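Student: So Swiss-Prot has the following annotated:
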| type | residues | note |
| --- | --- | --- |
| BINDING | G79, 82-83, T87, 89-92, 107-115, S119 | 5-phospho-alpha-D-ribose 1-diphosphate binding site |
| BINDING | G79, N110 | anthranilate 1 binding site |
| BINDING | S91, E225 | Mg(2+) 1 binding site |
| BINDING | R165 | anthranilate 2 binding site |
| BINDING | D224, E225 | Mg(2+) 2 binding site |
Amino acid sequence: MLKQLLSKCAEGKALTEDEAYAAMNIIMSGEATDSQIASLLSMLRLRGETVDELVGFVRAMRDRMTAIEASDDVIDTCGTGGDGAATFNVSTAAAIVISSLGVKVAKHGNRAVSSKSGSADVLERLGIDIQTSPSAAKQALETKGLAFLFAPLYHAAMKHAAGPRKEIGFRTVFNLIGPLANPARCKRQVVGVYSTCYAEKLAEAMRRLGSEHVLFVTGRDGLDECSIAAETDVVELKDGAIRRFVIAPEDAGLPRGELADVQVRDPEESAALLEAVMAGTAPESAINIVALNAGAALYAAGKAETIAEGVAMAKEAILSKTAYEQLQRLRAKEVIHDA
């Protein structure tokens, strides 16, 4: 069947949602060859993925993933990656801040692929355990308010696409759909996107998949998160409606900062800067970019009425050491019994 679907794509035609679902299922079952996978990814990238295709692919990923039980108010802060900006792990830092304010965070992430430091890499350097099973993640979510969901553990079937993805080297549909398949089935998210041209398609796909409040953010300086050094394009899905707007740091009560203050060379530097942010001793730009992204997440979570209000809450959590205390709680070792 995959050959017929590849032929359809080669003719410039889009796949239906069900065809996309079938194609992804064939890939994840290990029945597709590396050449077939690379061909499909290349054709989709050249033509541009449709909403139907995105929905079909995400449905297939969700159906095959190892899911964890979580309440509807759980949120994720996750990016597509691939922005090449060499920034420290802002979304991971934001996750720690918002979890310190009582918002449960199921942080979906991986090791570095194109970045200097993936969320798994920096958490290890900080001495924070990466939960090794769904039951451990569920317990961490309940007891500490934050669980790290290491993507390969929950999306084991994606290993079949790993080789072709690495060999072709460019961004593919997998970069876009990864953040949309959180194992906790989060309905509220902040998703960093490497190019804002994809944001409306992703928002429409998530609307059809039942999401409640999602912000797709792209800094105009190329960051796949809210930028402190430039305006940020935001596409918002909220209660079934989709709108686009632009937010500048000044709109959230923050001075414009320097990108150089948030760039790092390796996971060790990223961990050190993240810890300095939590301690309130980092450069102002680093503290403020975390506050800005945490503020967006607090807004998506329904904890704040506006992004600006969320930023004020996040800044207070950092300056009052509430976030630093949460970092220490996350570091504390405890016996987690696997079910």
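Placed from the backbone N, Cα and C atoms, the Cβ positions cover glycine too.
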Student: If you count Cβ atoms within 10 Å of the Cβ of H108 (5-phospho-alpha-D-ribose 1-diphosphate binding site), leaving out that atom itself, what do you get?
Tutor: 27
Student: Among all the protein chains here, how many other CB atoms are within 10 A of the CB of S91 (5-phospho-alpha-D-ribose 1-diphosphate binding site)?
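Tutor: A count of 27.
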Student: Can you grab the distance from N110 (anthranilate 1 binding site) over to E225 (Mg(2+) 1 binding site)? Cα atoms, rounded to a whole Å.
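Tutor: Cα to Cα, N110 (anthranilate 1 binding site) and E225 (Mg(2+) 1 binding site) are separated by 17 Å.
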Student: Highest Cβ count within 10 Å among the binding-site residues T87, N110: which residue is it?
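Tutor: Counting Cβ neighbours within 10 Å, the top one is T87.
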Student: Based on DSSP, name the secondary structure state of N110 (anthranilate 1 binding site): helix, strand or coil.
Tutor: coil
Student: Sequence gap of 6 or more, C-beta under 8 Å: which same-chain residues meet both conditions with respect to the residue listed as 'anthranilate 2 binding site'?
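Tutor: Correct list: L41, T172, F174.
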Student: Look up S91 (5-phospho-alpha-D-ribose 1-diphosphate binding site) in the DSSP assignment and report helix, strand or coil.
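Tutor: Assignment for S91 (5-phospho-alpha-D-ribose 1-diphosphate binding site) reads helix.
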Student: Below 8 Å Cβ to Cβ and six or more residues apart, same chain only. Which residues does that give for G79 (5-phospho-alpha-D-ribose 1-diphosphate binding site)?
Tutor: S91, P179, V191, G192, V193, Y194, D224, E225
Student: Does DSSP put G79 (5-phospho-alpha-D-ribose 1-diphosphate binding site) in a helix, in a strand, or in coil?
Tutor: strand
Student: Applying a 10 Å Cβ distance cut-off over all chains shown, what neighbour count does D224 (Mg(2+) 2 binding site) have?
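Tutor: Summing over all protein chains shown, D224 (Mg(2+) 2 binding site) has 29 other Cβ atoms within 10 Å.
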Student: Work out the three-state DSSP category of D224 (Mg(2+) 2 binding site).
Tutor: coil
Student: Return the count of C-beta atoms lying within 10 angstroms of the C-beta of E225 (Mg(2+) 1 binding site), excluding that atom itself.
Tutor: 28
Student: Going by DSSP, is R165 (anthranilate 2 binding site) part of a helix, a strand, or coil?
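Tutor: The three-state answer is helix.
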